[in-house]
């Protein structure tokens, strides 16, 4: 089989890793695929920039058309990031019959359906394992490993930055702002951390996982996202006392075809496998009707872990080329998307209230829960030493979100409740 | 596409699960594969036996030839267990061009190479995801997910029975014999538990994982196996005090093409992801040069979890049938098998000695380690209250097994050492 020519769009962190693996593992890759894999051209913004790897300068180009328009290029590996330019390049390449490997979660979450439809039309592969959870082969697991099962729940720690921050806050009792600053200095968080800390990055990944896991066309707009910037040391401390660890979880649920997907800070019971996933690691917990509980753990980002997934996809494309079956394995979502209403979304809640410390307050509060049919698992009251106020920590049983909203609305009108300090989902 | 006819060999626990999933998920399976999947015939030992599921009695047969010799059957699902009879049926079916899905670890560990060679010759699929770690898609992960990487270490909790026993011993401070009896009553351990508790079952699974992960033809005879029957409450207690959990681990290592595979009780540091895998759950930790640390967790046995993997393989066979590529994706081991010598196998050791409690003993002991160039991480001495003896707990740094053997041989000759009570590998 003739050498497979790859055009690489982007030579940043992941692109550099792709070059290292393709060159360093060349012999193994040939044995795995039956073909040599050659990175023939690389799109960069500035050819003259100094780089951490030696690359033949003749392979570098600043003109994308040199790659996407080159009939000799078989496969495009897109690791440049961004949405609209990357999308243009990919659609152009598909129009020319090239196969695509991408690590671009933003692109796949927003325009995955359009790109996959174009690929099917042109009998091209589009693979995107690296777009979710870096080095963890979670897309293969959902599509191939659990093809026989009905997945009812996917819970993911799919953003390493926020998991690093929350792990540090928990281990060191540090405040959010301090840990964020440290993470920025270490390069674990970006100068503008919004996309990570507000849960937007995780929401894009959950869009991809929910679409694949539930076979329904989940859109980014369907995913409610709440981030970690409001989490206090106190929240983490109270969680610990009750046996929970605070994690930013993406949670996708499917009950009888009714779907909900969200990203939110969640108190995870310490016995749950997700609770002990610390630092920049990612993990995806998958519950299937038949298989039950499973979890997949690994590095969520980084040059070589992400490149491992990119090159595994490249291996798959080359194997498909050898068999002549490119574009034949894509399974489009075949189920109607029915989103759950607030009445259908039910889970346990952690609520931290600051209240007036006087007789009868607890009774008033518990009556409101009762009136809206929210039953309680535990209620703990802490007097605030020397002050006329107390803190009440409530954990509910599974409560639907419509009822919870009514409860919280009523709390907002009560003079004896000084503040609704925190409300979090509870899992495990 | 015409319905795919499946012949099921065996209707025990896993076979029953396969029937439940194929029937219960029929519509999804059709969407996934583009074909109806029909379980056409089932081999049983006794047609008249009462069963937990309703099966058309006309489908049952006690004659294997009704299935393996039936030209209308496309795929054989072998879940009968055992080695020689199952092997005969599978080779006969392959000779007739049938594809195979099997959950049989014993068969694949012993005769996998022969069966896969026959399958390649006949352009047939042989898939065996369910043979290792039940519902965890670990074979796909090694073969597809990490196709781009060089795997250097695979550590698995791949036997649920022993993990259940060790978890109970650790959580309740119970003795091995008591927990084994309880596990037998609960059906987690067999009446003759030898295969599980002596590590033989785990050794078979590690043979399969090492062969796939390292691309070298590892044989069952290459895997040293030590079980859990000699583990004392005291071992577990001392491990806990030092921050370790005792697990039965299968450990396969590959350093520059030199391989070692073993199954042995191991003290796993509590911060390692394998340490918190409890009960009948399985987990496989995979270290790749590029990807780094990953772990895959889930149910290791059981009717529906194991059947999930069997039916996922069935889906893969049917997808391959549709594409006309059966038997084209098998990658035979392409590397020479070079086993490590004892000098090349190095790891940390935990050693528990009972010694005479008098001056100079510790010095004598540490001199022996020094003479054989084994350096020590920690040494703790516990006097045995009121007795003229003491216990010494030593954790070494990485030490090669040839040196360790010399140290232990010398210990055996020393009067001041009353007993070498335990020696375990340490990881994490």
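Every residue gets a Cβ built from N, Cα and C, even glycine.
In TrEMBL, annotation is done automatically, which means it is predicted and not curated.
Per TrEMBL, active site, proton donor is recorded for A:205. Cβ neighbours of residue A:205 (active site, proton donor) (same chain, under 8 Å, six or more residues apart in sequence): A:105, A:109, A:131, A:132, A:133, A:156, A:158, A:159, A:250.
For A:9, A:10, A:11, A:12, A:13, A:14, A:15, A:16, the entry in TrEMBL reads NADP(+) binding site. Counting Cβ atoms from all protein chains shown, residue A:12 (NADP(+) binding site) has 13 others lying within 10 Å of its own Cβ. According to DSSP, residue A:12 (NADP(+) binding site) is assigned to coil rather than to any helix or strand.
The Cβ neighbour count for residue A:105 (NADPH binding site), using a 10 Å radius over every protein chain in view, is 24. The NADPH binding site feature in TrEMBL is assigned to A:105.
Annotation comment: TrEMBL describes A:190 as L-homoserine binding site. Shown in sequence order, A:161, A:184, A:196 are the residues of the chain, 6+ apart in sequence, with a C-beta less than 8 angstroms from the C-beta of residue A:190 (L-homoserine binding site). In this structure, residue A:190 (L-homoserine binding site) belongs to neither helix nor strand by DSSP; it is coil.
Here TrEMBL flags A:350-428 as domain 'ACT'.
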Fill in the blank from the handout: Model confidence over the domain 'ACT' (A:350-428), as mean pLDDT, sits at 95
Exercise for the section: Using DSSP with the three-state reduction, classify residue A:105 (NADPH binding site) as helix, strand or coil. Expected result: helix
Completion exercise
Residues lining the NADP(+) site besides A:9, A:10, A:11, A:12, A:13, A:14, A:15, A:16 (CB within 8 A of their CB center) are A:8, A:17, A:18, A:79, A:80
Handout entry: binding-site residues listed as A:13, A:16, least Cβ neighbours within 10 Å
Key = A:13
Problem - Helix-strand-coil residue split for the domain 'ACT' (A:350-428), DSSP-based - result: 23 helix, 36 strand, 20 coil
Handout entry: Per-residue Cβ crowding (10 Å cut-off), top of binding-site residues A:10, A:15
Key = A:15
